[in-house]
Amino acid sequence: MSLQPQAEEAQEERSAFFIGADSDDSSEDEEHQQLILHKANALASDNRLKDAIDLFSVAMRYGPVRPEQLSTFVDCILRNLKTKAAGPETRSRGQYSDEGDRSGDDVFDCPNCHNFLGEPVTIACGHTYCKRCLQRRLFSKCKLCDEALRGDVKTNVILCGQLEKWFPDDIKKARAIYEVDALCRKKRYQEAVSLATDLFNSCFVMNLYSILSMSQIKSTFHSLVNQISLYSFLLLSSGVAKSSKRQAAKAKVCRSVPGDQLDPNDLECSLCMRLFYEPVTTPCGHTFCKNCLERCLDHTPQCPLCKESLKEYLASRKYMVTSILDMLIKQYLRDEYAERVKAHQEETRELSDLTKNVPIFVCTMAYPTVPCPLHVFEPRYRLMIRRCMDTGTRQFGMCINDPQKGFADYGCMLIIRSVHFLPDGRSVVDTIGGKRFRVLSRGMKDGYSTADIKHLEDTKVKDREELEKLQDLHDAVYDQACVWFQNLKIRFHNQILQHFGPMPEREADIQATANGPAWCWWLLAVLPIDPRYQLSVLSMTSLRERLVKIQHILTYLQSIPNN
């Protein structure tokens, strides 16, 4: 059986339709035509068939159009014909939420050409296409989520290895089809037809031993149907056997992973040596757990395996889960995945406790209600901040350094209001002070300090007479603080306003909160005194004692000339 006569007839038909490539035209017309063709191909890539037809018609007025210049246009027509043949039940582009929702499609098929993922490439959004479709630039957006395609990416190493193991025959056929396609592009048509003929004939060669084994008949049938479907797509691309393409598409059988070929060890992260959890694939084609990759990028913007630069990937901060791998793990490794999820949840729960193993940032003094902007660049603290965000606590402790103990016995919780990530992985974190605490015990986790803590609260004054005296002291110190602040040199005055904002207003109820009046902490933050002295005031649970300390400091500062 040979397809050479059919191929020659198809070539004659094309020759009758297209003008020869060697026709002489002016340079200006050719340049104008190229611009129109680029625009037409872009429209065809976006599946805007009618607009593309109009522009291709205009382009032909300027001179001959070669067959290879219409490849994108032909693919657009084929897509529309296939959608029409499939009927109204076929979903439109962009409606698929993940690999498992693709309206009868095999999860191991390319979302664009609907053929086997012979060379799977995972793009930035987490969806996977065959390398051939991406190289031909048949579309500018993901067919499943409409996200724009960006840059060049490489074959997904993990997925490619698994597909070779699970579906060796499909891989062999897919690579043969890619080779035929490459030969056609190089205009080596005789070699392409010869290889295509061998490929087609091989679809009918069945292993007798496999047929005699009843358990293999179903898989052999499925393999045959899929192989014929793959080859008929190749013929259809050349304008042959269109009706066969539609029939093969309807007859297509979804593949399933052979149970005896499934090994959880094949789907382990090379960094944590555990089953992938939220697997993400880098532009260089390597796959890791999302959290594992982020930790590595905290230290260096390179792939942990091949050391290729991931600076652009880091700057985008779009670590999208590789949907096909995630789906395969959930579907075929349910027990292992359940254990992995349980372990992750236990780790998250441990990190979410705001009294046990609380992360401690050893840096500066922090105070309740007072803003504390931070520039985070150390890998250990980048990890710490990310964990605070991922667990949802958005809190960590701030303590000053202590030479003997590592960090002070008292500190203040900081609440993350926002995080601005810089392209190189550093971040500017906007925080504000929360509860005060006392350190009960110290620890270490992944390079940063942790502590078991006890929150501090001011002791309430219940006696009416004592409360009146406390109110009088409060008002006197507040007025004294206002005078001191207003008498500062304009340069210092403006710096304080810029960094800390204006002084908080006097509060009607001085015992309304566990930390007392906010203005006390604002004042303590701006006073030019030793951090150790500030720490002693922070640790006090008596508002009276705190006001007396502040009063002494103000009196001393006001006694200094030119203060």
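Glycine too: its Cβ is placed from the backbone N, Cα and C atoms.
Listed features, source TrEMBL:
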{"type": "DOMAIN", "residues": "110-146", "note": "domain 'RING-type'"}
{"type": "DOMAIN", "residues": "269-307", "note": "domain 'RING-type'"}
{"type": "DOMAIN", "residues": "348-558", "note": "domain 'Lon N-terminal'"}
Based on DSSP, tally up the residues of the domain 'RING-type' (269-307) by helix, strand and coil.
10 helix, 8 strand, 21 coil
Mean pLDDT for the domain 'RING-type' (110-146), as a whole number?
87
Same-chain residues at least 6 beyond the ends of the domain 'RING-type' (269-307) with a Cβ under 8 Å from one of its Cβ atoms are 121-122, 124, 126, 151-159, 313-314, 319-322, 325-326, 329, 333, 336-337, 339-341, 343-344, 379-380, 382-383, 386, 390, 424-425, 446
Looking only at the domain 'RING-type' (110-146), what are its DSSP counts of helix, strand and coil residues?
5 helix, 8 strand, 24 coil
